[in-house]
Structure formats: structure tokens, C-alpha cells
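S.K.: Quick paste of what TrEMBL says about this protein:
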type	residues	note
DOMAIN	B:11-243	domain 'ABC transmembrane type-2'
TRANSMEM	B:21-42	transmembrane segment
TRANSMEM	B:54-74	transmembrane segment
TRANSMEM	B:95-124	transmembrane segment
TRANSMEM	B:130-154	transmembrane segment
TRANSMEM	B:161-180	transmembrane segment
TRANSMEM	B:222-240	transmembrane segment
Amino acid sequence: MPPTPDTAIEVRDLVVDRGKKPVLKGVSTAVAAGTVTGLLGPSGSGKTTFIRAVVGTQKVKSGTVEVLGRPAGSKPLRSRVAYVTQDASIYPDLSVKANVAYFAALYGRGRSEAAAAIERVGMADHADHLAGNLSGGQKTRTSLACALVIEPEVLVLDEPTVGLDPVIREELWDQFRELARQGATLLVSSHVMDEADRCDRLLLLREGRFIADDTPADLRAATGTANLEAAFLHLIRDLERAD
Amino acid sequence: MSIRITFITAGRILRQLLNDHRTVGLILAVPALIIALISAIMDDAPEVFDKTGLILLAAFPFMLMFMITSITLLRERTGGTLERLMTTPTGKLDLVVGYALAFGAAAAAQTTVAATVAFAFLGLDAAGPAWAVFLICIVTALFGMALGLFVSAFATTEFQAVQFMPVFVVPQLFLCGLIWPADQMAGWLQGVSDALPLTYAVKALAEVQVNPEVTGAMWGDLAVVFAAVLVATVLGAATLRRRTN
Ligand SMILES: Nc1ncnc2c1ncn2[C@@H]1O[C@H](COP(=O)(O)OP(=O)(O)OP(=O)(O)O)[C@@H](O)[C@H]1O
Ligand SMILES: [Mg+2]
């Protein structure tokens with residue numbers, strides 16, 4: 001089935017080995033444009049590996065990954081897709097402002113856009129601080145600003161809210177929802193189940209396969225549980241019983 | 001390749017360097033101080049100092065560029081910024097040439113300070129024009145940069161990167177003619193010396209030393225160093241992988 005224009009990310013039979021160890025064992029999914037998709041799974045299940053395949057920095061063994069109808073990581077995509085790595089990828093010896101301005105400039109965006117992005121992640125008070133002297137959460141937010149400034153069509157975020165307090169997390173999720181409403185497609189990995197409820201669709205990764213690919217409401221209904229935490233435990237127990 | 005992105009990249013790298021005041025101070029002051037020390041050591045033999053001092057003018061930016069490039073690039077690799085850059089419109093060549101521009105500017109500043117001190121205050125003498133000395137120093141510095149770029153791919157920690165100094169830099173310094181004339185070494189060593197690019201930088205400087213006009217031989221030697229810059233740069237760029245495991 002060719003990807004329809006409404007499919008932003010199309011993954012087919014993706015197999016990835018990392019250091020001889022199979023990490024993704026043939027996963028497929030389609031992410032609709034203008035939605036927020038949550039990527040969940042235990043630590044070490046392959047979330048980062050999947051995300052790296054989507055942005056085109058991961059060597060893959062077989063299968064295809066297409067973003068906006070083109071092979072992942074291909075040149076035309078590099079100005080349309082933004083990636084926020086799990087560990088803040090910023091320059092510790094540059095100020096917050098200089099970091100965001102640099103990434104902004106790579107995409108032809110100016111200082112005012114950079115200032116706006118810093119404002120959006122609540123870092124305006126620290127704009128002149130060296131990134132190396134920031135707290136973990138502040139680094140994460142700076143790294144996020146470096147991606148938001150691009151106003152990408154596809155935004156891929158690897159655990160962007162780890163270590164952030166509930167207020168800023170809530171604000172960021174409001175922004176993610178707003179970006180999706182304006183037409184952007186977001187793929188967000190997370191550990192936190194209450195964030196899963198703010199996604200349009202959820203992918204649950206376990207031992208190299210998706211054990212769920214559904215809306216939060218359908219997942220709760222299918223498992224007969226009230227919250228997603230319980231739904232996932234239910235799914236995992238079922239699988240373990242089957243093994 | 002994009003000229004715009006290359007300059008943005010060079011600007012970012014220079015800003016990183018300028019934010020580190022202590023490194024800037026060391027870059028600018030250390031070569032001049034060491035050359036002053038050597039001149040005092042060779043107090044009784046100004047003609048020996050003329051040779052050694054001139055070689056040191058090129059040797060310092062070479063070592064410096066090797067070190068700062070290998071460590072800065074290693075930080076890009078291990079800090080995740082390289083992976084991030086590879087998802088942006090930045091091309092490999094934009095990054096590599098950005099590094100060359102930024103660190104080339106640092107080498108130019110270093111050479112200017114060291115050469116001014118050596119020629120104006122320490123009585124260093126060369127028959128040829130100052131611009132030729134300057135040009136040779138910059139090309140040699142770029143070779144250090146390209147070599148650093150290449151070897152950074154084989155280091156996984158900064159500690160390892162520093163250990164590459166004695167492997168890639170020190171033998172070239174010993175064999176280029178700095179501590180002993182190449183034509184007075186054991187025959188097989190002369191062969192090794194002839195294969196090392198830094199030797200040609202020293203030969204080019206020797207030409208400037210004795211000839212008031214720039215010679216064809218100088219251009220020939222400089223061309224060898226420049227070719228080495230290109231080869232090492234291409235090899236270095238090839239170690240930048242968009243997809244990794
Ligand atoms: N560079 C690497 N070389 C070899 N194996 C790796 C490498 N990086 C990760 N792995 C392995 O691949 C598997 C998946 O890792 P990945 O980083 O994708 O997990 P994750 O779901 O993102 O985990 P976390 O939630 O802790 O970030 C893990 O078992 C890990 O040990
Ligand atoms: Mg991860």
C-alpha cells in the first residue's frame with residue numbers, strides 16, 4: 001500500500017540490529033499527519049533505535065522507513081524534520097541564546113525566532129547562561145528550543161519531558177498539541193503514562209515488536225481497564241502468559 | 001555544499017573557542033613564549049636559531065590545530081551534536097570546511113603573534129618575504145586540522161585523543177628536520193621523512209630562509225603539504241557517518 005498524503009511516517013517490516021543484538025524485529029506502523037503519536041515501552045526496548053531510524057541516523061538491516069513520502073533521512077527531509085535526542089544535544093560552551101540561534105540559522109531563521117523559541121520553553125531568564133552550567137531539565141528545554149525554532153513539519157522527540165516539573169511538562173504538552181493542530185506531526189517517546197493520554201495514538205514497544213498500536217480510548221476499552229498504566233500491564237501479562 | 005551553512009558553522013566553532021578565555025590565552029601566548037625560550041637557549045648561535053625558530057613557527061599551529069580539532073570533533077561525536085547536525089541541512093563538507101575556516105583563523109592569529117615576536121624582538125632572520133612564512137604556517141596548520149579530524153574517528157574518549165599526539169604528531173616533528181637535518185639521518189629514516197608531509201613544510205621554510213624571492217621549489221613543497229591537507233580532509237569527511245549503529 002503506497003503511503004497516502006495523510007500518512008506522515010510509514011514504517012514497514014523494520015529490522016534493526018545493534019551490535020549483533022536484534023533490537024527491532026520487524027515493526028510496521030503508519031503515523032497520520034497532524035497527530036501526536038506516543039512511543040512507549042520499557043527501558044532498552046528500542047524506542048531510541050526506532051526514533052533514530054525515523055530521522056535516518058540509524059543503520060537498518062531491512063525494511064523501509066518513509067517520512068513525508070521520502071526515504072527517512074534523505075536530503076529534502078532535512079529541512080522539514082526536526083529531532084530532539086534523548087540526552088540534550090547542545091553545545092555546553094555556548095550560551096542558550098547562541099545554541100538556539102545557531103540551529104535557527106542553519107534553517108534560515110533569525111534572532112527573533114530564536115528568542116521566541118527560548119521564550120516558549122521558559123528559558124528566557126537564562127538565555128545568556130552557558131548551556132554547560134544549566135540543570136538537566138534546563139538543558140533538555142534548550143535542546144527542545146533548538147528544534148521548535150525550525151517549525152518543522154515532523155517533530156521527533158525522544159523523552160523530551162524527563163526531569164521536568166509538572167507545570168512545565170503540562171505547558172510543553174499544550175504546545176505539542178497546538179503544533180499538531182496546526183498540521184505538524186509529532187512522534188514522542190515517553191516513560192510517563194499520564195502523558196500517553198495526551199496522544200492521539202500509542203505505539204507500545206516490547207522486545208522488539210509493537211504489542212499495541214491504537215488510540216488510548218480503544219486500548220482502555222480492549223483491555224477493560226480504566227487507565228493506560230493498567231492497560232499496558234494487562235497487555236504485557238497476557239503476552240507473558242502466552243509465552 | 002552550502003557557503004551560507006559553512007560560514008554559520010565556522011562562526012559557531014569560533015564562538016565556542018572564544019568563550020574559552022584560557023584556551024585563547026594559551027593559543028596566543030604559548031608559541032611566542034617557547035620561541036623566546038629557544039632563542040635564549042641558542043643565545044650563542046643565532047644562525048641555528050634562525051632555522052629552528054622558523055620551523056617552530058609552523059610546528060606550533062600544526063600541533064595546536066591537531067589537538068583542538070581532534071578534541072572538538074570528538075566532543076561533537078560523543079555529545080550527540082554531530083548526530084543532530086546530520087539530521088539538519090548541514091552537509092559533511094559544510095562542517096569540515098567550517099572547521100577549517102574557524103581553526104584556520106585561530107592559526108592565523110597564533111602565527112601573527114608568534115611571528116611578530118620572533119622577527120621583531122628575537123632577531124629571527126629570513127631572507128624571503130614574511131607573507132611566504134605566513135602562508136606556509138597556515139597551510140601546515142590546516143594539515144594539522146585535517147589530520148586531527150581524521151584521527152578523532154578512532155578515539156572514543158578525550159584521553160585517547162590526546163594519546164594520538166605521540167603517534168601522529170611527535171614522529172613528524174622529530175623527522176621533519178626540527179631536531180636534526182633530514183639529510184643527516186639514517187638512510188631508511190630519510191625515506192620515512194620524505195613520506196611525511198610536515199617535512200615539506202620545513203623544506204618550504206628553508207627555501208624562504210635563504211632566498212630573497214619566492215622560489216619554484218618552495219611552491220612545489222607547499223603544494224605537497226596542500227595535497228596532504230586535501231587527502232586528510234577527504235579521509236576525515238569520510239569518517240563522518242550520517243547513519244551509525
Ligand atoms: N550503540 C549501541 N551499541 C550496541 N547496542 C546498543 C547501542 N545502543 C543501544 N543498544 C542496545 O539496543 C537496545 C535498545 O536501545 P534503545 O536505546 O533503543 O532503548 P530505549 O527504549 O530508548 O531505552 P531507554 O528508555 O532507556 O532510553 C538496548 O538493549 C541497548 O542495550
Ligand atoms: Mg532511549
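Glycine residues also receive a Cβ, built from the backbone N, Cα and C atoms like all the rest.
Help me picture where these features are in the structure shown.
M.R.: Sequence-distant contacts of the transmembrane segment (B:21-42) (same chain, six or more residues past either end, CB-CB distance under 8 Å): 48-49, 52-53, 56-57, 60-61, 64, 68, 106, 109-110, 113-114, 117-118, 121-124.
Under 8 Å from some Cβ of the transmembrane segment (B:54-74) lie the Cβ atoms of residues 13, 16-17, 23, 27, 30-31, 34-35, 38, 82, 99, 103, 106-107, 110-111, 114-115, 118, 124, 126, 133, 136-138, 140-149, 151-152, 155, 157-158, 161-162, 164-165, 168-169, 173, 176-178, 198, 201-202, 205, 208-209, all in the same chain and six or more residues away from its ends.
Through the fold, the transmembrane segment (B:161-180) approaches residues 52, 55-56, 59, 62-63, 66-67, 70-71, 74, 144, 147, 151-152, 154-155, 189, 192-193, 196-199, 201-203, 206 of its own chain, all at least 6 residues removed from its boundaries and within a Cβ separation under 8 Å.
Within the chain carrying the transmembrane segment (B:222-240), a Cβ under 8 angstroms from the stretch's Cβ atoms is held by residues 82, 86, 92-93, 95-96, 100, 135-136, 139-140, 142-143, 146-147, 149-150, 152-153, 197-198, 200-201, 204, all 6 or more beyond its ends.
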